[in-house]
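Listed in TrEMBL for this protein:
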type: TRANSMEM; residues: 37-54; note: transmembrane segment
type: TRANSMEM; residues: 82-102; note: transmembrane segment
type: TRANSMEM; residues: 123-144; note: transmembrane segment
type: TRANSMEM; residues: 150-173; note: transmembrane segment
type: TRANSMEM; residues: 185-210; note: transmembrane segment
type: TRANSMEM; residues: 216-237; note: transmembrane segment
type: TRANSMEM; residues: 244-263; note: transmembrane segment
type: TRANSMEM; residues: 283-305; note: transmembrane segment
type: TRANSMEM; residues: 326-347; note: transmembrane segment
Amino acid sequence: MSPLDLEAAQLDETIREIEQKSLFYYQEKKKSLRARYVYGTIFLVINLCAWFIRDYGQKSLSLLPYASSCGPEGSKCFHTFGVLRVSLGCFIFFLIMFLLTWNTMKLQQAQNSWHSDHWFFKFLLLVLAMVSSFFIPELYIQLYGETARVGAGIFLILQLVSIIEFSTWWNNYWMPHDQTKQSCFFGLAMMIVFYIGSVCGVAVMYFFYAASTSCVLNLFFISSTFILIISIMVMTLYTKVNRVIPSSSIMVSYIVYLCWSAIRSEPPNTKCNAHTQNGHTVWITILSFLIAIGAIVMATFSTGIDSESFGFREEDEAKEEDDIPYSYGFFHLVFSLGAMYFAMLFISWDLAHSTREWSIDVGWTSTWVKIVNEWFAAAIYLWKLISPPVRQPRVHEQPQATAAAEVHEQPQATATEVLNNLSHQKQKFMNNIQPTATEVSR
């Protein structure tokens with residue numbers, strides 16, 4: 001074989017290897033993205049199991065009283081303690097998954113395969129974690145319940161950060177840019193809808209939940225919410241921050257929703273709570289319960305896949321083809337905190353009393369948690385509006401930032417680009433050797 005033929009064969013072999021790697025990366029990313037929905041389904045099933053054990057476990061599960069940790073007649077494995085045990089099993093499973101995948105960076109790592117495959121072994125691990133939680137003594141379950149309050153609070157903070165980052169993305173996407181010349185009509189239309197909807201929401205809450213002057217607490221909640229949204233609207237109209245108007249409309253709507261949800265979480269015997277006087281209370285309660293379950297799962301899922309909002313990758317860092325599509329460790333960490341969060345919602349943040357059937361996140365503790373969450377969200381967003389120097393480089397730092405950006409301006413070539421380049425080189429190489437082969441034949 002001539003040197004020219006040998007070089008051509010080596011080039012073909014290189015192209016085949018790159019094609020195989022590119023196909024492998026594509027398949028692994030596809031499996032990884034599908035795995036997210038499997039974990040989300042597992043989380044949904046565990047939520048339903050927690051609800052079943054809380055409301056109907058004592059009537060249906062007659063074997064649990066034989067476990068010594070469940071106490072007389074299994075009282076420590078149902079109702080509030082049953083929810084905490086299911087939550088603990090879910091927390092243990094996702095915590096183990098976090099510890100096994102937190103440092104995964106590349107698709108060819110063994111942790112990537114564990115995250116996306118081996119479902120039989122992970123199912124056994126899940127069953128073991130769930131069953132073992134029912135043999136843990138009551139004292140440790142009580143300690144876990146206190147810890148779960150902190151974990152649920154951390155989850156709410158992560159969810160808030162994710163919502164703020166989403167509103168920022170919305171703002172950047174729909175605001176007009178000089179380079180793209182894109183239309184901002186849809187963004188402005190949605191902004192108007194959000195603002196009008198928020199104001200109407202406040203008016204509706206005044207009508208249904210604060211119609212009487214005796215509803216002092218509801219008047220305080222709704223009025224403070226109205227003051228917050230007016231403050232945000234005024235700050236966004238300020239000349240230095242008026243480009244964040246679309247994102248502020250999302251935050252205003254979220255704040256109004258939190259106020260409405262807090263009032264809806266007031267105990268059923270509250271005379272100012274209009275929904276308790278409806279003749280179809282049972283069906284409304286069941287529907288609200290099912291919607292709340294879906295909201296818990298969606299909040300956990302959406303926060304878990306939003307690792308980019310929490311700075312796990314530098315903005316100017318080039319994403320290579322063999323990088324994992326999202327942070328596996330952060331994904332499982334959020335689900336472990338979500339396990340604590342759903343426990344608090346099912347027991348209404350109260351470890352001492354049982355919750356009535358088909359209810360979720362109802363009670364004065366739940367109400368105040370949501371109100372504090374609303375105030376905290378408004379404070380964080382207002383701080384973001386009034387402190388742009390904290391989030392943007394100073395004038396004397398801008399040249400350095402520009403120079404750093406120029407260094408990273410050219411991202412690393414992907415396997416597809418390398419493959420195209422090699423194919424072009426091969427074609428050029430074959431065209432060059434054809435005249436030489438003709439001369440040799442002559």
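Keep in mind that glycine also has a Cβ here, set from the backbone N, Cα and C atoms.
A contact links the transmembrane segment (82-102) to the transmembrane segment (326-347), because at least 3 Cβ pairs that are 6 or more residues apart lie under 8 A.
Using a cut-off of 8 Å between Cβ atoms, the transmembrane segment (244-263) and the transmembrane segment (216-237) share at least three residue pairs, counting only pairs 6 or more apart in sequence. Across the candidate stretches 123-144, 150-173, 185-210, the maximum count of CB pairs under 8 A to the transmembrane segment (283-305) is reached by 150-173.
Of the ranges 123-144, 185-210, 216-237, 326-347, the one with the most Cβ pairs under 8 Å to the transmembrane segment (150-173) is 326-347.
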